[in-house]
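Participant: From TrEMBL, here are the annotated features:
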TRANSMEM  6-29  transmembrane segment
DOMAIN    18-260  domain 'G-protein coupled receptors family 1 profile'
TRANSMEM  36-64  transmembrane segment
TRANSMEM  70-93  transmembrane segment
TRANSMEM  113-138  transmembrane segment
TRANSMEM  158-177  transmembrane segment
TRANSMEM  209-228  transmembrane segment
TRANSMEM  240-262  transmembrane segment
Amino acid sequence: VSPWDIALCATGTAVAGENALVLAVLFYTPSLRAPMFLLIGSLALADLLAGLGLVANFAVRYVLRPPSEAAELGAAGLLLAAFSASVCSLLAITVDRYLSLYNALTYHSERTLGFTCAMVLLMWLLCLGVGLLPLLGWNCLRDQSACSILRPVTKDNAAVLAVTFLLLFALMMQLYLQICKIAFRHAQQIAVQHQFIATAQATSTRKGLSTLSLILGTFALCWIPFAIYSLVADSSYPVVYTYSLALPATCNSLINPIIYAFRNPDIQKSLWLACCGCIPSTFSSRPRTSSDV
């Protein structure tokens, strides 16, 4: 048994458990029903399925005897659908944050829960379609020379997925740059109107920008090397390179709950209430501002 596969399986187990906790908190807390939390739930569900996909891939490779092509393609499809939904959910959260600042006055009336549910459902249908592609012919089981590093996906198809991912990342980065501009403008306007809270507003803006840096930096470090490697490499490259780049990419699903869920004050309150039945007196109840992005 490859130690890399053991590491991926262990990571998948941790990812599934962590994101299951996020989903449980969102499901059992009636107050967490806003569109923002629906998007966080979509991200948690996608990462949960990604973790289960890693475990299923390990089981297909080492437990299932005799090996089954249908099981291998199914596990690959689950991973494709889950990671596609994870990236798309991250993009949806980015768009939601941008709209909450750009259309601050009409955001809550326009972004209804029903509209967000419809968009999330459409996104998931698209990602499930991507997951079905290996079963519909996007595979190299009949021609091993055409395999990419993402076996059983072919090299050409892996290149299409990698280019699509890089374009989505570029869109996310552009949106976050716009968020920074809007947040700075809001902070300056508030500081002019209420000079006595200028220092607090500057602190809030710095905190928001550090959050953006954390989001983009983590996402880029985890996924960009693997996406670029998928463009240039094929199945003839040493497998250790694939594993060493795939493991950080899967760890992004382990980090997502920390960035998007556990740092949220409302979810923190629910976790404290679920774990110990109380909220610490030191817990900050300061409302979020537009600069918190």
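Positions of Cβ are set from backbone N, Cα and C atoms, glycine also.
Given the structure is predicted, the values throughout are model-derived calculations rather than measurements.
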Participant: Thinking of Cβ pairs under 8 Å, which stretch from 6-29, 36-64, 113-138, 240-262 has the most of them with the transmembrane segment (70-93)?
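Facilitator: So the stretch in question is 36-64.
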Participant: For the transmembrane segment (240-262), could you work out the same-chain residues 6 or more beyond its ends whose Cβ comes under 8 Å from its Cβ atoms?
Facilitator: 2, 4, 7-8, 11-12, 14-15, 18-19, 21-22, 25, 40, 43-44, 46-47, 50-51, 54, 83, 86, 90, 93, 149, 211, 214-215, 218-219, 221-223, 225-226, 229, 233, 268, 271
Participant: Can you name the far-off residues of the same chain, 6+ from the ends of the transmembrane segment (113-138), with a Cβ under 8 Å from a Cβ of it?
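Facilitator: Here the qualifying positions are 33-35, 38-39, 42, 46, 70, 73-74, 76-78, 80-82, 84-85, 88-89, 92, 152-154, 157.
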Participant: What is the pLDDT of the domain 'G-protein coupled receptors family 1 profile' (18-260) when averaged and given as a whole number?
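Facilitator: Summarising the domain 'G-protein coupled receptors family 1 profile' (18-260) by its mean pLDDT gives 85.
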